[in-house]
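Just below is one structure, and these are the notes that go with it.
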Amino acid sequence: MSPFVYLDYAGVALFAATGALAASRKQLDLIGFLFFAVITGTGGGTVRDIVLGRVPVFWVLNPTYILICCAAGVIVFFTAHLVESRYRLLIWLDAVGLSAYCAMGAAKGLAATGSPTIAIVTGTLTATFGGVLRDLLANEPSVLLRPEIYITAALVGAAIFTGATEFGLPLYAASAAGVLAAFAVRGGALYYGWTFPTYKAKPGRHPDDVM
Amino acid sequence: MSPFVYLDYAGVALFAATGALAASRKQLDLIGFLFFAVITGTGGGTVRDIVLGRVPVFWVLNPTYILICCAAGVIVFFTAHLVESRYRLLIWLDAVGLSAYCAMGAAKGLAATGSPTIAIVTGTLTATFGGVLRDLLANEPSVLLRPEIYITAALVGAAIFTGATEFGLPLYAASAAGVLAAFAVRGGALYYGWTFPTYKAKPGRHPDDVM
Amino acid sequence: MSPFVYLDYAGVALFAATGALAASRKQLDLIGFLFFAVITGTGGGTVRDIVLGRVPVFWVLNPTYILICCAAGVIVFFTAHLVESRYRLLIWLDAVGLSAYCAMGAAKGLAATGSPTIAIVTGTLTATFGGVLRDLLANEPSVLLRPEIYITAALVGAAIFTGATEFGLPLYAASAAGVLAAFAVRGGALYYGWTFPTYKAKPGRHPDDVM
């Protein structure tokens, strides 16, 4: 088996665990944990496969992914109440999953189209969409809208993977570079509170902006 | 025509009616009723078809489904204000639609892949996704996050349909078993307030959990 | 190149700009602007292509669309703080984008299926879904739920394009008629506050309606 399969399994399992942690915060039952684990674990890759025209999607072709999500959901169900802060754990697991998935998504986009632009887009999309779905379905504030750097980490990882591959690095090395770069950016953003400068126009400054 | 077509029409019409009831609660105009009826009625089946690689999706191949949704939307538009509680009606129609759709979705997943795991996943997904889309678009509290058993009902119906089919029951019998089982679980949950035990760790127990 | 390509580029660029304006209202960083620009600009067309079975979707086949979205995102990033009301600009750009996209979406639906019903549905879906995604991801009140006529404008434009094409008008003329009709309806609704009559049953009239 290719090392990509393990990277994929790891990304799926980590995102599945964040989905189950969201279910825990919402006090859902075991089946709710499994549902959120499956949706969050497979969501990003499902969107990636669909836009690339790779259907049936990966988990339909290989149901092992569903079982991995369910296993992650069961583990979180029996342990989440022991964790001091479920949200902090969720956000860090999400960071690792995002790092694995941005390289994975870029690799599949590059393999399917040969276009670096598309590889970067599918890498970023794959890495962020599971979390977006999780937050939407759980009615949690979206991780996209938090101030610390998030989407940028996925973009950096996808771009570094793509660039390294285009420069002829072997897949192992390009993947490692992409995953580590994404985690360095997202982990640093979480740990040090890194943000980018923005134009601090106040929302609602003009009355129509709150209409 | 196969009995499945009627089961499908029934599931679509019932979910369409719940979408129109959501439009009624939001005081939308007739076109808003039709839009919510179409999205809710076809949403679950659309996601099912896409992940299975069955594209163009069912309502593109057979526009009758769109007309059924529009008919349901028009009927609800002219009658919803007569109903004592639109939300109670919505939630019960949703229960019947969910029961029809979990067997239907499992049947299509099984036919497309032969995998019982995938059949159960597509059955559960098909039965729940229309309601998820409806609640997201209407900005209503998600039916997923309510305490009474919901996803479990779809899972039970899909699993019983799949198991019965694997054990050699004819499609009629397996469908009837799946639909009735799902409705027994969801109807009981609604009527008696059935819930599953959960770990009642309070959300926000740790300060980071509300960060 | 066909005139449709320019109509498509225009619709994508305008919706991308509304996504970037939503990012501005949320005070996101540059990458956040690009993400919202890409998702909003391509969202409606992506859903259209997927349900029609046209995968890989349009922007995977032609990455120019991604670059157009990014350009719109960059322009908005450096100018949004100069605009008096970002929400008013967003809502008017959305109106123009909706007008371009309803004709475009109907044209692709008609070309793919030959069914006028499907053409009207894909036209309406394409024109509204980018805005729906933008509002969901940005946690803004959905443009669907605002009182002024919105979905109807997309439906009218898609129906007039489809009808004109069925009556044998050339594509140029049918497109112009659809775009102008949609903009007349939506622009009028915004400018004059047009609404349709609705049954004004109060939401929450029955206690269960707020349960």
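Placement of Cβ uses the backbone N, Cα and C atoms for every residue, glycine included.
Quick caveat, the model's predicted, so the values are computed rather than measured.
Taken straight from TrEMBL:
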type	residues	note
DOMAIN	B:6-80	domain 'Glycine transporter'
TRANSMEM	B:6-23	transmembrane segment
TRANSMEM	B:30-51	transmembrane segment
TRANSMEM	B:57-78	transmembrane segment
TRANSMEM	B:90-111	transmembrane segment
DOMAIN	B:92-162	domain 'Glycine transporter'
TRANSMEM	B:117-137	transmembrane segment
TRANSMEM	B:149-165	transmembrane segment
TRANSMEM	B:171-192	transmembrane segment
Self-check item: Beyond the flanks of the transmembrane segment (B:149-165) by 6 or more, those residues with Cβ under 8 Å of it
Solution: 95, 98-99, 101-103, 105-107, 110, 116, 119-120, 122-124, 127-128, 143, 171, 173-175, 177-179, 181-183, 185-186, 188-189, 194-196
Exercise. Calculate the per-residue pLDDT averaged over the domain 'Glycine transporter' (B:6-80) and state the result as an integer.
Key: 93
Self-check item: Cβ-Cβ under 8 Å with the transmembrane segment (B:90-111): same-chain residues at least 6 beyond its ends
Solution: 4, 7-8, 10-11, 14-15, 17-18, 21-22, 25, 44-45, 48-49, 52, 54, 118-128, 130-131, 143, 150, 153-155, 157-158, 161-162, 165, 171, 174-175, 178-180, 182-183, 186-187, 190
Quiz item: According to DSSP, how is the domain 'Glycine transporter' (B:6-80) divided among helix, strand and coil residues?
Solution: 64 helix, 0 strand, 11 coil
